[in-house]
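Chemist: The structure that follows is given in the form of structure tokens.
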Amino acid sequence: MSAEPEGRRMLRLEVRNAQTPIERKPEWIKTRATMGPEYRQLHSLVKSEGLHTVCQEAGCPNIYECWEDREATFLIGGSQCTRRCDFCQIDTGKPAEFDRDEPRRVAESVARMGLRYSTVTGVARDDLEDEGAWLYAETIREIHRQSPGTGVEILVPDFSGDPELLGEVFGARPEVFAHNVETVPRIFKRIRPAFRYERSLDVIAQGRAAGLITKSNLILGMGEERQEISQALQDLHDAGTDIITITQYLRPSPRHLPVARWVRPDEFVELRDEAEAIGFLGVLAGPLVRSSYRAGRLWAQSMRAKGRTVPEELRHLADASLGFAQAVS
């Protein structure tokens, strides 16, 4: 992504950010580009069919692993977000016209790719009366209809915390309901000005009350302090979060927030152990972990921890490996 955003002038914050050059990554942040047979087949299919996934278009470092396990992530609602977070690669601007056919097309892509587990995320659509709640819910329903053996994880904005809008999504019964808090209270407003920390916790609490497996994510290296991470983990658990992923911030472009620090692998191991001790049912932590990484395995693990039966058509997810991005001691 270039420093200059498409279709608008840079904000003063972005101009200030751009004064700091892109940071050089430390030696421990490395990816493994192992192209197995499932990855090769999926890559060929996506290319020939003209399909679109976040995995490919965002250059995710874990694409080789996830595609080998037939897991992929899709972005809905357009390419322009009505909100701006200082770490996020998605551009802010006026969204395109609402596309009611998008859920069907995404579900067709999931079916054609033969996915075992799909993650669906999207942009905030504050321009719409329902903030896009129907779009998220209908995408879940369409994937379940076209691919009954595929798990669906939905990663949503906050829908302003409105119980009615959230209820639309809950009613579609995704395997996992995810809403990412991303950072700690002290720097939350600066980094995510259109969101509110307590409101995000309440969104997760509402998902838990609806009987769904819940999930969130923390990004490290944006200016937080160590004890603040511990408090955020406790806050998330108290709100009813079942699954937590913890990752390193990687700056998308010069106009985004500069990296405050590089978190060493041993700190990720420490945080993983801490999160497990707090009581999270599923934890993945590492520099290259992303919120959708090994998502199917984490869901199956959480289901078993709750004493729930994993449907027969999804039991294969429980046997997936932890993956290379998980930090190890």
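Cβ coordinates come from backbone N, Cα and C, glycine included.
Annotation source Swiss-Prot lists [4Fe-4S] cluster 1 binding site at Cys55, Cys60, Cys66, Ser292. What Swiss-Prot lists as domain 'Radical SAM core' is 67-281. Per Swiss-Prot, [4Fe-4S] cluster 2 binding site is recorded for Cys81, Cys85, Cys88.
Can you tell me where each of these features sits in this structure?
Modeler: The Cβ of Ser292 ([4Fe-4S] cluster 1 binding site) lies under 8 Å from the Cβ of Val54, Cys66, Glu71, Thr73, Thr119, Thr121, Glu153, Leu155, each on the same chain and at least six residues away in sequence.
Applying an 8 A CB threshold to same-chain residues 6+ apart, the list for Cys81 ([4Fe-4S] cluster 2 binding site) reads Cys88, Ile90, Asp91, Thr92, Gly93, Pro95, Val123, Ala124.
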Chemist: Average the per-residue pLDDT over the domain 'Radical SAM core' (67-281) and send me the rounded value.
Modeler: 95
Chemist: Mind checking which of Cys60, Cys66, Cys88 has the fewest other CB atoms within 10 A of its CB? They're the binding-site residues.
Modeler: Cys88
Chemist: Cys55 ([4Fe-4S] cluster 1 binding site) has how many other Cβ neighbours within 10 Å of its own Cβ?
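Modeler: So the number of other Cβ atoms within 10 Å of Cys55 ([4Fe-4S] cluster 1 binding site) is 23.
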Chemist: Using DSSP and collapsing to three states, where does Ser292 ([4Fe-4S] cluster 1 binding site) fall: helix, strand or coil?
Modeler: coil
Chemist: DSSP secondary structure for Cys66 ([4Fe-4S] cluster 1 binding site), reduced to helix/strand/coil, please.
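Modeler: Where Cys66 ([4Fe-4S] cluster 1 binding site) sits, the three-state DSSP reduction gives helix.
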